[in-house]
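First the structure, then my questions, so here it is.
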Amino acid sequence: MNDVTPDTLFRTVDLIGVVANSLLGGAVARGRGYDMIGFLFLAISSALGGGIMRDVMLSIGFPVALTDPFYLTGAIAGAVIAYFIVLDDKFSRVLLSVADVLALGCWSATGASKALAAGLGWVPAIFIGVLTAVGGGVLRDVMTNQEPSVFGGQPVYATLSIFSSIAMVVLQSNGLYAWGMGLAIALAGVLGLLARWQNWQLPGAATLVLPRPSLSGRRRPAWLRRRRADEDED
C-alpha cells in the first residue's frame, strides 16, 4: 500500500464511488421509465452530488467533479451502462447492492480524509464523510419525489457511513492513510451487505409517557391542604 501515493489512492477511490453511484442513479431512472436525458441527469446528480457538497462546504476551490474530466466521464459511463443494460435480474440486484455499499465506503473515506486535510477536527470530518456518502443518494431521491431512504424505514445506511468515517479519521490521524481507506470501504461493504440480509434497522421514535401529578384530595401537597382547611374554618 505504501507504493501508491495518497493523491492517486484518493482519486481512484473517489472515482469508484462516482461510477458505482451513477449505476444506481441509472437503475432508478430505468425503473421510472425516463429517457436518455433523464438517465443522464439522475445518474450524474447521484454520482457527483455528494462530492460537490463536500467540496463546497470545505471551500477549497472549485469542486473536483467540475475540474477533473474523469469524474463527469465516469458518471456518464455509468448512466450509459444502465441505459443499455437491464439491471433487473437477481444477479444485477446483488451487483447494485454491492455497488451501493462500495460507493458508501468510498465516499465516507474520501469525505472524511479531505476534511482532515483541510484542517477540520475529528467530529466535523466525520460529518463531512457522512454528507459525502449520502448526499448524492438524497439528491437522487428528492429529484424522483421520494422520501430519502437515509431517513429510516430501510436497512441502516448512514450509520454505516459513520463507522467508515470514524475508521478513516482515526487511522489517517495516526499516519495510516491507505489502511484507513481500505478499512472504511471494507466496513461499509461487509456491514452494509449484512444489514440488507438481516434487515438491520434503527428503532423509530420512542414514546415516553410522564406521570402527571394528581391534585385529588388525598394527594394534595401539605401546604395546599392546610390552606384549604384554613379557608373552611373562616
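Just so you know, glycine gets a Cβ as well, placed from its N, Cα and C.
What TrEMBL records for 12-29, 36-57, 69-87, 94-113, 119-139, 151-170, 176-195 is transmembrane segment. Taken from TrEMBL, the feature domain 'Glycine transporter' covers 12-85, 98-172.
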Across the domain 'Glycine transporter' (98-172), what does the mean pLDDT come to, as a whole number?
91
Report, as numbers and ranges, which residues of the same chain sit near the transmembrane segment (69-87): CB under 8 Å and 6 or more residues beyond its ends.
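Same-chain contacts beyond the flanks: 11, 14-15, 18-23, 25-27, 29-30, 36, 39-40, 42-44, 47-48, 51, 93, 95-96.
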With helix taken as DSSP H, G or I, strand as E or B and everything else coil, how many residues of the domain 'Glycine transporter' (98-172) land in each class?
60 helix, 0 strand, 15 coil
Excluding the flanking five residues on each side, which residues at least 6 beyond the ends of the transmembrane segment (94-113) place their CB within less than 8 Å of a CB in that stretch?
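Contacts with the transmembrane segment (94-113): 10, 13-14, 16-17, 20-21, 23-24, 27, 50-51, 54, 87, 125-126, 128-134, 136, 157, 160-161, 164-165, 168-169, 172, 177, 180-181, 184-189, 192-193, 196.
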Residues sitting near the transmembrane segment (36-57): Cβ under 8 Å, six or more positions beyond its termini, same chain?
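For the transmembrane segment (36-57), the nonlocal Cβ contacts are 14, 17-19, 21-26, 28-30, 63-66, 71-72, 74-76, 78-80, 82-83, 107, 110-111, 114-115, 128, 131-140, 143-144.
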